[in-house]
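As annotated by TrEMBL, transmembrane segment applies to 16-35, 42-60, 72-92. Residues or ranges marked as domain 'Fatty acid desaturase' in TrEMBL: 33-251. As annotated by TrEMBL, region 'Disordered' applies to 280-315. Under the heading compositional bias 'Low complexity', TrEMBL lists 289-315.
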Amino acid sequence: MPTPETHGPRLDVPNLAVHALWGAWFAAVLTNWASWSAGVRLGAMGLGWAVMFWNYAVLHNHMHVPIAKPRLLKWLVSRTLGLACGFAYRGYYSHHFNHHKYNDGPGDWGRPRPGEGALHYCVRWALTPWFWPWTVVGDVWKACKTRGQKLELMLDFAVVDGTLLALLAWQPSLGASLFAMLLVGQTCIHYLNLAAHVGSDSTDRKALAVTSASPFYNRYFFNAGYHLAHHLKPQTPWRALPALTEELLRQGQHQPSLLAEPSPIHPSWISRVSAVRKALSATGDTDKPSSPSSPDPGASVSAAPGSRAAAAAQP
């Protein structure tokens, strides 16, 4: 196994800039909502959805390698990133690292149910923490091993839920609109889990996840497409993931058929995810397709992501 870089910068400026964009959006909405027409409000929520989805990539990076190393700033950014995505940060942190422990296999809290379709899975996970949270809250509470972590979990729920309740009391239309936007955004976020593991195999370290070589996706979503390398070395800074992926391919530690051209948000990949889940739903299968050798949402890339062939891949 190659040894990757393990330390990010003290301040990850690109990630912090994307998060600052959310802060500017949120401040503008709070300040101007009452004076905006219905059309402007709708546009603002559409923009907010895009900014939220982008900030999820930042949240994900921050959980693994903090985008701000100073202790107080790291703590503050954790809370505001949770608010930006509608997740209680400490709870989502526990949920996400459970995913890394089991790699979308048995024991993973977020694993699709037997025969569950893609849309049902995404909507279920968007709604469950808000309307049927008991099992989820119980799981993340047990995962908190210290008193400080449990206090942090309670604070994070207060930050997210308290903000929504305060907005509903202050300006009901704003609170309801923000909540609806969060539900739509979280539905899209949960799709990313399906996309990253379509055709993967939690029992095979060479096939834990799919790698996207899309230049567009990896440029603007901080190399989130290099998902197998990320699962094998979760604390690798995002800038080091392309080189790590190339090394895995050279050493035969990355199944070549799990290297795909399009991005997870490309229609061809979305179609592939939908088709795979639909097939499993029709058969009531309890697992992924039996062979991870042909999971590509599009054509596989025959060269490493840093090569000319991969660089030519379309978004």
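Glycine is treated like the rest: Cβ placed from N, Cα and C.
What you see is a predicted model, and the numbers here were worked out from it, not measured in a lab.
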Distal contacts, the transmembrane segment (72-92) - CB-CB under 8 A, six or more residues away:
16, 19, 22-23, 26, 51-52, 55-56, 58-59, 62-63, 66, 129, 136-137, 140, 144, 149, 152-153, 155-157, 159-161, 163, 182, 185-186, 189
Sort out the residues at least 6 away from either end of the transmembrane segment (16-35), same chain, that have Cβ-Cβ distances under 8 Å to it, and list them.
41, 44, 47-48, 51-52, 54-55, 57-58, 67-68, 77, 80-81, 84, 171, 173-174, 178
Determine the mean pLDDT over the domain 'Fatty acid desaturase' (33-251), rounding to the nearest whole number.
97
